[in-house]
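Heads up, the thing below is written out as structure tokens.
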Amino acid sequence: MASRAAAAVAVLALVCAAVHSSEGQLSPNFHAATCPDLEHIVEFHVAETFRRDVGVAPALIRILFHDCFPQGCDASVLLKGAGSELNEVPNQTLRPVALDLIERIRAAVHSACGPTVSCADITVLATRDSLVKAGGPRFDVALGRRDGLAPASSALVGLLPAPFFDVPTLISSFGNRSLDVADLVSLSGA
């Protein structure tokens with residue numbers, strides 16, 4: 001399990017690194033003044049969920065990937081209502097336990113700090129903490145992402161790699177997002 005967790009840590013770092021180029025002022029300390037208990041709140045809720053379901057770690061990786069790949073890490077995959085990304089075929093199998101965890105963390109963070117922390121940052125932190133619980137090393141993540149106000153279009157969600165893609169199609173799909181073969185292998189393995 002430790003080797004899978006280590007691979008998953010690499011995956012998370014890669015997904016986050018792919019998005020950093022489009023985010024201007026990300027910093028591990030972005031919320032230090034406005035929400036000093038943020039990491040403790042996230043860690044507590046992740047630990048509680050992980051104790052009941054260790055499968056929450058890969059479920060969170062998948063949510064993060066499905067959020068970041070179409071239009072960047074903006075938590076748009078979590079939006080509900082008309083045109084929701086959750087209604088798109090690739091996202092219909094995202095695990096409810098992980099979606100519910102993100103919502104519980106959001107409610108706790110907003111109760112403690114007000115609406116100062118984006119769901120995008122909460123998702124990244126929860127994913128990192130679940131990987132730590134699964135045996136991976138703890139590492140800092142850059143924070144300061146802004147939430148999207150609209151879901152990604154069907155066309156953008158349709159860019160998520162399908163399970164039936166052959167290797168050349170997968171390589172092309174990842175390459176279109178500035179991800180290489182090593183990223184493809186890491187994300188597929190996680």
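Any Cβ shown, glycine's included, is placed from N, Cα and C.
Nobody curates TrEMBL annotations by hand; they come from automatic prediction.
The record in TrEMBL lists a disulphide bond between Cys35 and one of Cys73, Cys113, namely Cys113. Sorting the disulfide-bonded residues Cys35, Cys68, Cys73, Cys113 by the number of other Cβ atoms within 10 Å puts Cys73 first.
Apart from Asp67, Gly72, Asp74, Ser76, Glu85, the Ca(2+) site neighbourhood in this chain, defined by C-beta within 8 angstroms of the site C-beta centre, holds Cys68, Pro70, Gln71, Cys73, Ala75, Val77, Ala120, Gly148, Pro151, Ala152. In this structure, the C-alpha atom of Cys113 (disulfide bond) lies 20 angstrom from that of Asp74 (Ca(2+) binding site).
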